[in-house]
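Per TrEMBL, the features are as follows:
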type: TRANSMEM; residues: B:6-25; note: transmembrane segment
type: TRANSMEM; residues: B:32-53; note: transmembrane segment
type: TRANSMEM; residues: B:73-96; note: transmembrane segment
type: DOMAIN; residues: B:129-418; note: domain 'NADH:quinone oxidoreductase/Mrp antiporter transmembrane'
type: TRANSMEM; residues: B:133-152; note: transmembrane segment
type: TRANSMEM; residues: B:164-184; note: transmembrane segment
type: TRANSMEM; residues: B:204-230; note: transmembrane segment
type: TRANSMEM; residues: B:273-292; note: transmembrane segment
type: TRANSMEM; residues: B:299-321; note: transmembrane segment
type: TRANSMEM; residues: B:327-348; note: transmembrane segment
type: TRANSMEM; residues: B:369-390; note: transmembrane segment
type: TRANSMEM; residues: B:405-431; note: transmembrane segment
type: TRANSMEM; residues: B:452-473; note: transmembrane segment
Amino acid sequence: MKTIILRTASTYLLPVLLLFSIFILLRGHYSPGGGFVGGLIASIAFVLHSFARGLDNTKELLRIHPGFLMPVGLALAFLAGVTPVLFFDLPFMTGLWYPEHLPVLGSLGTALFFDLGVYLVVVGVTLTIIFTISESA
Amino acid sequence: MTQQLVLYPLLLQMFLSILLMFCWRKISWQRVISIVGSIISVGVSIWLFSYIWENGTQIVLAGNWKPPFGIIFVADTLSATLVLLTAISGLAVASFSSASVVAARLKFGYFPIFHFLLLGLNGAFLTGDIFNLYVWFEIIIISSFVLITLGGEKAQLEGSVKYFTLNILASMIFLTAIAVLYGLTGSLNMADLALKVAAIENRGLVEITAILFLVAFGIKAAVFPLYFWLPDSYHTPPSAVAAIFGGLLTKVGVYALIRVFTLIFVGDMFLENIILIIAVLTLFSGGLGALVQNNLRKVFSYLIICHIGYMIAGLGLFTEVAIAGTIFYLIHDIIVKTNLFMVGGLIFRIRGTNSIRNLGGLYADHPMLSLLIAIPLFSLVGVPPLSGFWPKISLIIAAFESEQWWVVGAIIFASLITLIVIAKVWASVIWKEKKELPVRLNFRYFDKLKTIRKAQMIAPMIFLSLVSLYIGFGAEHIQQVSSRVAGELMDNTQYIEAVLGKEQIIDHEE
């Protein structure tokens, strides 16, 4: 798979795909998209990179083991859900919103952090599975 | 603080599993976190139970969306009782696992998954939304599938294929049933469904949907003729896993049956008769199955099936006394079955085999342990005044009052079979002359374990035996709880009122 075309393309595709995944993550509240799809696109970016450059290079690029993203993502999503319970005595998962409208992000609320958590979990799970399979193959 | 109390057991388990995932490689930390967390969870569950006992049914609207649109969590007495029992069994198994499950398995995330399983169980007991119930069932299946395959021995994988195929099939049927129900009523909230299903005129369609639910939950609860996956899979995983499976997993199916058939599909003679017939056949087939097995854990597996029959029979009789009997049996059974599989694990650790023919002489070697083992065994049979005796009285009285003589016969027959099976187990495992068994190399025999590990294995059995003794000798208190649960279940307007408020019901009647 190490053709020069793929290798050159992957250098450009990695940041573009990652940016696109963030875009999908952010637009997800009202439009199609969200943490799950965004996470899948982000993992595709890394999988493509590993096809072109080899698994070891991708691991070096990631620095941390992708499996570690799972508890981090879960913790983030959990905190987003628990914050209303702990600080406002509102039910679990109640959406709390920052009143001002922010540029780029739009409305900022706990839902975004929940989605970000989902994003990280999906990246972690997908990459762990794919890396494990390609290591044993 | 107390407003969100209903969700605390759930949130605690979720927190514990995430925390345990952060300590993925540090097994000794995981042991401590799991045991301490489980002790806290027992405390939280007692808090929830006593709050519900004082103040009646409580609800929490997830995301603050009003019912019937959002997902809601409802804790009535039945849910709170089951959450408490889950916490008690969870604590016992957490301690038992940290001693008996080998480190190779613990390294691959045994404890995080175990707490995800408890999370799923708590969720299933507390949710008031039928689709959300499906989601919790999925969490339970996925976690249990990991637990049952962890270790990857050949026998384990064989058992887990059967386990997984049938449970996925059950989930599919469950999902189909939910889809049909949603098509009929346009709602997923169980209280709302109760009102809307009662108003549907096409009863045939409602009955078909009810049968779909019966089949789906029947597979989970392992009733006749859908039980054959259970004895084939429950003896393969480590005994700590089997303990939580045997104690709680099939009971989720029973809980779902009780909830759906007392809340949504109520008062249909046809359905009640079907449930009764299933119950009687389950009692017979489970009992006869247990009689011919030689593997200790397979015997216990068949006894699970047999005793599911009692609970289903109470549901089929559908009188207040019968339902109280069912609930009492459920309480007794969760504790005893968890304990029994731990006994199986302990005997395996002592002798290195679970074959009844080769076991023996336990009383000569370990007299105190034998005495401890006697408590769950004879509680299971229901030797008065131990815990299995009282619910059977309620069930038999209820069957007499409904003049269902064959049900009385089946209940007594199943008790007799259980007695024979347990007597056989007792005679050959505890009293029979000891056989010289070949010594297994690289096997961690009980006598070679460190004292703390021994204590971690014995302490949960003592704990659960004490709970069993309390259920037997303090039967009055348990009977009070069961009668109150039965009262709440027989009159489903209480549940509906708690969820939707009074106005909605009156609106609906107009």
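Cβ coordinates come from backbone N, Cα and C, glycine included.
Note that the structure is a prediction, hence the values are computed from the model and not measured.
Of the Cβ pairs linking the transmembrane segment (B:327-348) with the transmembrane segment (B:452-473) and spaced 6 or more residues apart, 3 or more are under 8 Å, so the two regions touch. Sequence-distant neighbours of the transmembrane segment (B:273-292) (same chain, 6+ residues past either end, Cβ-Cβ under 8 Å): 211, 214, 218, 223-225, 227, 231, 261, 299, 302-310, 312-313, 315-317, 404, 406-407, 410-411, 413-414, 417-418, 420-421. Same-chain residues lying 6 or more positions outside the transmembrane segment (B:299-321) and placing a CB less than 8 Å from one of its CB atoms are 221-224, 227, 230-231, 234-235, 246, 250, 254, 257-258, 261-262, 267, 272-276, 278-287, 289-290, 293, 327, 329-330, 333, 337, 340-341, 344, 356, 380, 391-392, 394-395, 397-399, 401-402, 404, 407, 410-411, 414, 417-418, 421, 425, 483, 486-487, 490. Same-chain residues lying 6 or more positions outside the transmembrane segment (B:73-96) and placing a CB less than 8 Å from one of its CB atoms are 5-7, 9-10, 34-35, 37-39, 41-42, 44-46, 48-49, 52-53, 57-60, 62, 111, 114, 118, 121-122, 125-128, 190-191, 239-240, 243-244, 247-248, 251, 255, 258-259, 327, 330-331, 334-335, 338-339, 342, 345, 456-457, 459-461, 463-464, 467, 481, 484-485, 488-489, 494-495, 498-499. Contact between the transmembrane segment (B:32-53) and the transmembrane segment (B:133-152) does not hold: fewer than three of their C-beta pairs are under 8 Å, each pair 6 or more apart in sequence. Cβ atoms under 8 Å from those of the transmembrane segment (B:369-390) belong to residues 303, 307, 328-329, 332, 335-337, 339-340, 343, 346-347, 350, 362-363, 415, 418-419, 422, 425-426, 430, 458, 461-462, 464-465, 468-469, 471-473, 475, 478-479 of the same chain, restricted to positions at least 6 beyond its ends.
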